[in-house]
Amino acid sequence: MNIKLDKVSARHPAAKRDAAAALRGVSLEVSAGEQIAVIGPSGAGKTTLLHVLGCALPPSSGSLQLNARDPWRLPRSKLQLLRGELFLAPQVPPLPPRQRVVTSVLAGRLPHIGLWQSLRSLFYPTAIAQADAALARFDLSDKLFARVDRLSGGERQRVGLARALVTEASLLLVDEPLSALDPTRGQQAIASLTQAARERGATLVSTLHHVEMALQNFPRIIGLRDGELAFDLPAAQVTPERLQALYAQHLHELTGPAHEAFDLPAAATPPAVMHCR
């Protein structure tokens with residue numbers, strides 16, 4: 001799916017009137033099949049950008065075009081059809097606790113099948129092999145018929161990502177897919193997502209706190225800070241100096257593997273602290 005943002009600003013409905021917009025004047029273009037990582041400190045507007053791209057939040061100014069169509073100018077019925085071409089994976093996947101994993105994974109197919117088949121699949125899943133194959137990419141085949149409430153936090157996150165592998169959406173929007181995963185599982189998850197998107201020519205946009213993972217796995221990197229576009233560059237051109245400027249006053253978010261990889265000056269590095277994300 002092709003994407004075009006032209007000077008887009010966005011404000012959350014619950015935000016106070018005098019609060020700054022979560023996104024401010026962001027312009028960018030994405031070609032069908034591109035894979036992009038969005039990085040930046042906490043509160044930079046990364047999740048808001050995904051919500052705008054996923055037609056979950058309308059721009060307060062500027063324009064969004066998906067495949068040369070402004071979704072907010074479409075009739076409601078056509079907007080719903082367009083949303084069926086989008087897949088938004090939130091950081092915490094909304095998985096019903098008593099639901100079987102196979103049903104949760106196959107929920108990714110619901111926008112692409114008929115109403116009757118959707119209802120039937122809630123009780124009698126009909127694409128079990130597809131769900132099993134998706135879970136296998138995340139080493140979760142043994143959880144196919146487990147209940148969601150018996151899973152760990154990391155397993156639930158991987159189940160949410162497995163949905164992206166069964167959907168037929170042409171735009172995958174993935175919010176912080178590694179927040180509950182260790183480095184090994186995180187690399188596995190990113191590899192599975194990028195490979196699946198590449199296989200079917202889908203556009204992939206993912207927000208990431210793990211800067212090193214973003215630079216190693218995505219050819220194009222978008223940096224956001226305070227709701228504004230700081231840079232839009234090939235991964236090879238994202239230098240340590242650019243990262244220091246992007247994360248100024250937030251350098252603790254660069255600690256860990258990404259920090260070591262870029263060998264940031266010790267004088268600029270605050271003491272290491274633990275974060276729960």
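For all residues, glycine too, the Cβ spot is worked out from N, Cα and C.
Noted in Swiss-Prot for the protein shown:
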{"type": "DOMAIN", "residues": "3-251", "note": "domain 'ABC transporter'"}
{"type": "BINDING", "residues": "Gly40, Pro41, Ser42, Gly43, Ala44, Gly45, Lys46, Thr47", "note": "ATP binding site"}
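DSSP assigns Ala44 (ATP binding site) to coil, not to a helix or a strand. The binding-site residues in question are Gly40, Pro41, Gly43, Gly45, and the one with the fewest Cβ neighbours inside 10 Å is Gly43.
With the fewest other C-beta atoms within 10 Å around its C-beta, Ser42 stands out among the binding-site residues Ser42, Thr47. Averaged across the domain 'ABC transporter' (3-251), the predicted model reaches a pLDDT of 91. For Lys46 (ATP binding site), the same-chain residues that are 6 or more apart in sequence and have a Cβ closer than 8 Å to its Cβ are Val38, Ile39, Gly40, Asp175, Thr207, Leu224.
Within 8 Å of the Cβ centroid of the ATP site, not counting the listed residues Gly40, Pro41, Ser42, Gly43, Ala44, Gly45, Lys46, Thr47, the chain contributes Thr207, Leu224, Arg225. Taking Cβ-Cβ distances under 8 Å and a sequence gap of 6 or more within the same chain, the neighbours of Ala44 (ATP binding site) are Leu224, Arg225, Asp226, Gly227.
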